[in-house]
């Protein structure tokens with residue numbers, strides 16, 4: 001196996017991350033507002049859906065580049081025969097290492113972005129300054145542990161499944177998958193991983209948005225999930241956000257919210273939120289049937 005190209009991983013990962021984050025940013029805003037403690041409407045509803053985009057724009061490229069560089073290099077370092085039963089384990093370890101490194105860049109950007117998304121009237125730089133003034137550098141890394149606890153299981157599910165689907169597709173058509181085929185495999189793998197890890201993503205968002213000094217702000221994932229369970233039950237941290245999160249799951253980026261808020265939305269709003277998920281799955285089914 002050849003040593004992976006540093007610049008290729010850097011540029012490809014960075015461009016992919018920026019593209020996904022910016023194109024799907026409105027859906028990410030909807031997801032964050034659904035997850036927020038104050039509820040979707042009080043967090044801004046459909047107003048100012050590009051609030052916080054400067055933070056995402058600044059953090060996307062280095063975040064995605066760091067992930068893919070680490071992912072490719074760890075795969076190269078742990079190289080095994082392609083038919084080895086250890087191949088899925090290699091992909092899991094590579095993805096986990098990539099997430100730990102990428103979260104060093106992702107978490108500060110995510111904290112600022114999510115607070116801007118639920119406070120659309122406040123400028124992104126002002127939110128950044130307030131965090132530094134009130135909490136210091138550690139305020140920018142609030143939620144680092146919960147983010148890693150969420151991202152690693154997500155990657156442990158997504159990347160081995162993605163690689164396996166690509167390998168299966170390549171074997172059935174007797175040549176390496178094309179870019180669009182890889183994207184279809186990634187969308188399916190990411191959607192499944194999103195459904196599994198949605199509760200952890202709720203906890204991450206609640207911790208990042210919590211007021212300084214509150215019990216949730218201390219970063220305890222179980223405490224955050226317990227609070228959601230008490231106030232909203234199981235559906236409060238698992239139902240609507242699955243579908244919103246899946247929209248960005250073709251690549252490993254960023255995803256759940258109040259079921260009560262979701263039920264109050266008009267059918268047009270629900271259709272807007274859910275339609276991309278069903279389109280993705282219909283595409284996967286169509287391509288599968290057409291190919292085989």
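From the backbone N, Cα and C atoms, a Cβ is placed for every residue, glycine too.
Pulled from TrEMBL:
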type	residues	note
REPEAT	4-77	repeat 'Solcar'
TRANSMEM	6-27	transmembrane segment
TRANSMEM	48-69	transmembrane segment
REPEAT	86-168	repeat 'Solcar'
TRANSMEM	89-107	transmembrane segment
TRANSMEM	271-290	transmembrane segment
Same chain, outside the transmembrane segment (48-69) by at least 6, Cβ under 8 Å from its Cβ: which residues? 6, 9-18, 20-22, 25-26, 28-30, 98-99, 101-102, 104-106, 108-110, 112-117, 119-121, 124-125, 128, 251-253
Per DSSP, what is the residue count of the repeat 'Solcar' (4-77) in each of helix, strand and coil? 54 helix, 0 strand, 20 coil
Determine the mean pLDDT over the repeat 'Solcar' (4-77), rounding to the nearest whole number. 84
Taking helix as H, G and I and strand as E and B in DSSP, count the residues of the repeat 'Solcar' (86-168) in helix, strand and coil. 72 helix, 0 strand, 11 coil
